[in-house]
Structure formats: structure tokens, C-alpha cells
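Features as listed in Swiss-Prot:
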- Asp419: active site (ACT_SITE)
- Ala359, Pro360, Gly361, Phe362, Lys363, Gly364, Thr365, Lys380: ATP binding site (BINDING)
Amino acid sequence: MTATASHTRARPLGASEIEHATRIAEPDFDLLDALYRTDDPDDQARLLARVVLSAFDNYYAVSRRIPALAQAAFEARDWPVTVRLSKIRIGLYTACIDQLVPLLKAGLPELTTDEQLWPTAEAELLAAIEGRYEADFAFAFWQSLRRKLVSDEWRPVSYDAGSTARRTTSPAAVLKTTATTLPITAEVIAGILDEAGFRVPWRDRDGDAALAAQAIETALEPLSPRPGEPVKIEIADSGFLRNRGACLVGRIKLRDRGDMPMRNLPLLIALLNEKDGLVVDAVLTDSDELQYAFSSTLANYHATNPRYHELARLLYELMPKRPLGTQYSCIGFHHLGKVAVMSEILAEHRKTKEKLATAPGFKGTVAIAFTMPSSAYVLKIIRDHPTDDYKFDYFDGLDEVLRKYNLVHEIDRAGSMLDNIIYSNVKLDRAMFAPELLDELLEAGIGTVTLDRGALVFRHLIVQIKLTPLPLYLANASAAESRAAVINLGDCIKNNAAADIFNKDLDGRNYGVSRIRKVYLFDYDAVEPLTSVTVSRDGAAPGEFDNGMVFRPQEMLEGLRIDDPGLRRAFRDAHPELMQADYWEGMQQALRDGKVPKVMNYPASRRLRR
């Protein structure tokens, strides 16, 4: 964040400015030439390590510039640029590797088969990155490039060599502390807002600070606060920016009082940049609400502080229901999150000795989903061919379905679609699998799964956060919980539409409910761009679709299979526009015009001005 705030509207970023700032530098051709020319194995190892590290440094420099650009776009209210920056960032890692791989293959083809060179070169790389903060990230980059060249199996390798082995990270290094006494005043909150340093005038800073202080005071009441009691407000020295919004994140700490233990309250101050100035839109003080705001179902945050380990640890402490690996992913460090998630899955198995078995719910027609009972994750493969219950006349095939899962990973998921981690060439011990699942994987996933002695090798493996399928949830939930879920289902469908995503298989079985009782779409084999769908105003013909691409809004409830009349009525009353063609055509036009629709990332009840 910047140190001071000015009172002039920020300048929009130009297209050439963004292109220049996010352009990946070319590989070091002098180093490449030296690598190609030498026949000495030690020189080859040393030069290969230098070439790859140079490429990583190019990537990392650009990736660290993007959060500052995102802040500038937020300050200028340049919403299309914020979306563009998110897309650039998420594709940057792969683009940088893809830039280098063909050069190495062409100039040193033996890299794909030389089993002696890689260990020696890896030792050179580890020595070169010793002591660097981002050493683990550089090593992840090395592993990614090696797999591209060698087509080796994916392993959750983390950087832990020598004296730079990372100990348990504390978030203290990224926290700024304000010490005061209860009650927390508007002046204290105003000071925290000023320290954020946005280069945008506030619409009503003092009024917002007063409302925020009041919201915090209400949230503290269950902790039995006393007037004059010492309190610390810890705020991350980082802006978190995403699309139209920004937020300040931290916690409020009340120390041990004798009759009360240490008490912590999560804190998120959500900011919007409106036409007439910066405003505090909401204050969140509940861990589950923070989890929704930082959900992997949303686009990733740009964090302006580069200390990603401390930020991920802070987020985990604030949202302990959410695995640590996904905390890395939600601030854009997918490849570190990828390592952390697989490490967590393997650790879960070692700890519980549970078997991977078919996931609860209805049998997937396109995917086979499996999990361990106490795991936080669900794993999936795509079938070679859909089951007989498949609804559509034509199946696009494995590669096209994987493309759709990748598409969802790369877009703003608008708070209503699970992110996916897609692994290639993963080997898992055969003993991890229940016999029935093992048989199904080998029979229905011949193009994806092979048996290699005592292990299963997955050509592709999709991992998602575990949800309860919506029909199962409704079968066991109370009337109030069920009503809230179907209303949230409508919000989910609207948010998907705002992200230009339409699920042509509008079946409740493709949606699930999270631990924090939010509804998400989690199956993507039937997703299409909303802008490519024909919305029909003619309800005469039966069925939802003609040729798979004509949508009749008036038939939505039949497609969702909500059988309970009361729940159908609740859905219809809460979201009547979803059954109207005007809504869908209006959303399509907004998307074609390049507008960025607003998406609600937190409960409306937490907004300061409703």
C-alpha cells in the first residue's frame, strides 16, 4: 500500500502501460547459447540451473508488479483492467514455462532423457536460491519445467534444503498493530483507514469510521468486553484487491483478563471505490463470513505485500476451517497451493488410514468423484465415456471437459463456482483405494488411469474442496436451512451468469453446500459461456434445450429438480427474474458491452449502509 493518500482521482492505466509492465522478458540467450555449446556435464548442470533461475526471476518480477497495477486500477475505477490483470496473472506462470521449454528441447534434446543431468542441475539451483524468501517458489518453478520436459510424475516436492528450511511461519512480520482501549472509537478506525494509503478521496471517512466502530462494538459483545480494557487491532500491511473491491484484513485481540482467556475476533473491512469516493461498504467479524469473502470460488486476490507465507498463515489463523493450501491459492500462489493441497491429502491418509472411496451423493455421469470420510477434499477423474444416464446427445470428450475445468480455474468464479486444482501424472499408492473404487477407476477411466505395480498413475486428477451435494443437504436440513439453501442457489446461478458462465445441466445434483452453508456449482462438463446461449421467450415446446444451447428460463425450476412445493415457492419468490427472459438477455448484453457486473462477496446484513 502507499504511505499517504491524496485527494485527486487516480489516472486510468493505458493499454500500452499494462502491456509493458506485464510483458515477460525474453530468456537469457547468452546463457542458452553457452548451454547448447558445452559438452561438459558439470557446465551443463550449472548453466541449466542459471537459465531456469533467470526465467523464474523474469516471471517473479512481473507477478510482483501486478498487485500494484491492480491497486492503481481500483483507484481509477477501471474495472475492465482489473479483470484483465487477473487473467494475465493466472496465465503468467504457464506462459513463462512454455516460453522456455521449446528452446531447451530444440537446443538440448537430451534433457528429456538424461537422468544424470537433472539431479546435478537441481543441486546447483538449490545452492543458487539458498536464503531467498521465494526459494520454495523458485523450486516449484523448476519442478514444473522439469515435468514439462521429462513428462515425469507429479510429486508434492517442497523446498526444504539446507539452512533455509522454512520453519513454522508467523504472520507477525506482516501485521501492523494499533494499541488502544475499549470501546474502539471512530478516531481509531479512521486512523486505520488513513494508513491504508489509497490515492483516492473518501466520500465520508468519518461517517464510515463511526459506523465501522459501531459494528465492531456489537461484534465484541459476546466476548464480555469492559470499558477501558486494553485491546490490540492487528491489520495486515497489505491491500487485498479483487475486481471492484478491496479490503483490509486482520484481527482484534483482547488479552487474558483473569476471568476471561485471550480472545480474538477476525476483522475484514470491505472497501468500494464509488463515483463519489472511497467508502467502507461492510465490516465482517465472523470467521465463516471471512471464509466466504476469501473463498476459492472467487477470483484471486492481489496482495500488495510480497510475503506470501505470512499472509497465507494469517488467513489460515483467521479461517481455520479452510485448509492452508487453499489460502495460498486465494492470493494467487496456485503452484505453492498445489503442493500444499496434495501434501495435506497424503497427510490425511497417513493420519487416519482411511481409504479413498466413491464420494457420497449421486453417481456422476461424466466424472467419478472419490474422497476419504474425514478429508477436506474431493478428487475426480473424467470418464472415458459418460454413463447411460447422460442427458445430452453428444459428449465432447475428455480433453474438452478438462478444458472447461481449466476455464473455470482461470476466470472470476464470482463466488459461486469451486476452483479446481488439476494435476498431471500423479502417482498414488494402490493401498489408498477401496476395492470397488479401484475397479471403477480402471474400468471407466482407461484413458486417464493406469496401474503401475503398486500404484495408480493418473494422467489427470482434479481436486476440489469437499461439498455436500444439494439434494443430500436438503434431505437432512431443517426447514429454515433448506429455505436458505435454495435461495442461495439462486444467488449462485446469478453470480455464475455475471461471470459469463451458464450451466446447461440445471440439475440440483450439480450444486453443493459448503461447511459454511453456501451453495456452489461444482461440476463443469456442461458449462458454456452465457453469451453463446440462445434465450428463448417461447415456452411452447417441451424440454429445456433444443440442440443443447437454447435456454427457456420459465422451465428453470423443472430443471433444478426442487421437488418440495414450499422450497420451489421460496426460490420463485426470492428470484423471480431468473424465470424471465429479460433478465438473461440483459445480462448477456452487459457482458457483451464489457461491463463488470457486481457480485456480492459477503452477506448483505454486514453492509454498513443498506
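Cβ coordinates come from backbone N, Cα and C, glycine included.
Distance from the CA of Asp419 (active site) to the CA of Phe362 (ATP binding site) is 21 Å. Packing around Ala359 (ATP binding site) is summarised by its Cβ count: 22 other Cβ atoms lie within 10 angstroms of its Cβ, all protein chains included. Neighbour count (other Cβ atoms within 10 Å of the Cβ, all protein chains): 17 for Gly361 (ATP binding site). Gly364 (ATP binding site) counts 21 other C-beta atoms within 10 Å of its own C-beta, drawing on all protein chains shown. With respect to their backbone Cα atoms, Pro360 (ATP binding site) and Asp419 (active site) stand 20 Å from each other.
Between the CA atoms of Thr365 (ATP binding site) and the residue listed as 'active site' there is a gap of 20 Å.
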